[in-house]
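What Swiss-Prot records for SER104 is active site, phosphoserine intermediate. The Mg(2+) binding site annotation in Swiss-Prot covers SER104, ASP245, ASP247, ASP249 and is backed by sequence analysis. Among the features that Swiss-Prot reports, phosphoserine is placed at SER104, with the record citing sequence analysis.
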Amino acid sequence: MSKRAYFGTDGIRGQANRHPMTAEVALRVGMAAGKLFMSKDDRRHLVVIGKDTRLSGYMIEPALVAGFTSVGMDVRLFGPLPTPGVAMMTRSLRADLGVMISASHNHFADNGIKLFGPDGYKLSDEKELEIEALMDQGLQEGLATPDKLGRVQRIDDCQARYVEIAKATFPKGLSLAGMRIVIDCANGAAYKVAPETLYELGAEVIRVGVEPNGFNINEECGSTHPAAMSRLVKEYRADIGIALDGDADRLVICDEKGQVVDGDQIMALIADSWAKAGRLQGGGVVATVMSNLGLERFLKARNLKLERTQVGDRYVMARMREGGFNVGGEQSGHVILSDLSTTGDGLLAALQVLAVLQESDRPMSALARQFEPVPQKLENVRFGSGKPLEHDAVKKALAEAEQRLNGSGRIVVRASGTEPLIRVMAEGDDEKLVSQVVKEIVGAVKKVAA
């Protein structure tokens, strides 16, 4: 695959108002993607655009709109809406393209652009390369004549539509009556729709992270900072806590004791429940190289398989589609239930967990830990430039670490696709050895990254 100049593992992402997350780049994305997804017939073409609650969304959105309308595409604006909601609305409105403006779990200063095809799935690497090629060419050719410019309209009921779609995924005849739930929306895109969905299903809802101001998205809240959720669960004696990230495509949960449960455990719970109901497809689960070995062992004990992909929920979804799987995701909390959505959806995954809990006579603490994870250690090393992983010293440290584990665990070292970080992960039954090999690899990376 050719090297991509703009797109990473999850669209284009970076600090707002710095390359590549500038108004100029957003304009070029709109023009290039618009040209690529407009067919040659004379019908009107449509793109839908949603965003999270970052201040910079007000800069990126009009730049994208200018790009799309300049090549003749009509635009529908949703305002704040979860990423999976944008994917759903792309399909339901029969749009040619869907766009989400978000940097997911990142700090407010970052932003990003994610693109969805007319089928509601994230674009392939090949499509992103085609867009990049058009962005780097002269874009003045093919501009719409004044009478063919795109028209723009704001859609006011998209949040209500998403709530209804989410509620429809909950088992018929079941409600959340009698359940007390803490929901942390990370001051992000789901700040209205997630609490409303739970409330309309009958739950008593304690809300946090529902006062976005443009700057506080993911700030000490949401799935990357679950302490706020855990504290409130214990304070209000809730049955469960749910924490979403800024664009609500991932989640973590906690039990009634405030103990946090990651994406691996959530996938195990849903897969086990669906397998018992005869609903699980593909004979197992798709996850990434970062998922815990304990998940693999848990599934194997139930005659189910774990298939691994590179990091990135779109790669998980691609493998799910190829192999006919309907449960997949990432340890970080992207959980994809392809019967229900075309991308990771934190709220829909939470509803499936809540259904299992409501139908059980056991507390969440008895359901949450489906398997015993093997000791796993992850460290991130920030670097300025260059390719630390190609350095001989790092390669030597990796080879020595593999020898020391001697087949009793796994090592995954990779460059982040969204931040200037090298992620070093090791896992195995010997916790002390795992910590040692991570320390040695991190030390080697730091030396060459300095």
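Using the three backbone atoms N, Cα and C, a Cβ is placed for every residue, glycine included.
Summary of the Mg(2+) site environment: with the site residues SER104, ASP245, ASP247, ASP249 set aside, the chain residues having Cβ atoms within 8 Å of the Cβ mean position are ASP52, PRO82, THR83, SER102, HIS105, GLY188, ALA189, LEU244, GLY246, ALA248, ARG250, GLY344, GLY346.
For the residue listed as 'active site, phosphoserine intermediate' paired with ASP247 (Mg(2+) binding site), the C-alpha to C-alpha distance reads 5 Å. With a 10 A radius on its CB, ASP245 (Mg(2+) binding site) counts 35 other CB atoms from all the protein chains. Of all Cβ atoms in the shown protein chains, 34 besides its own fall within 10 Å of the Cβ of ASP249 (Mg(2+) binding site).
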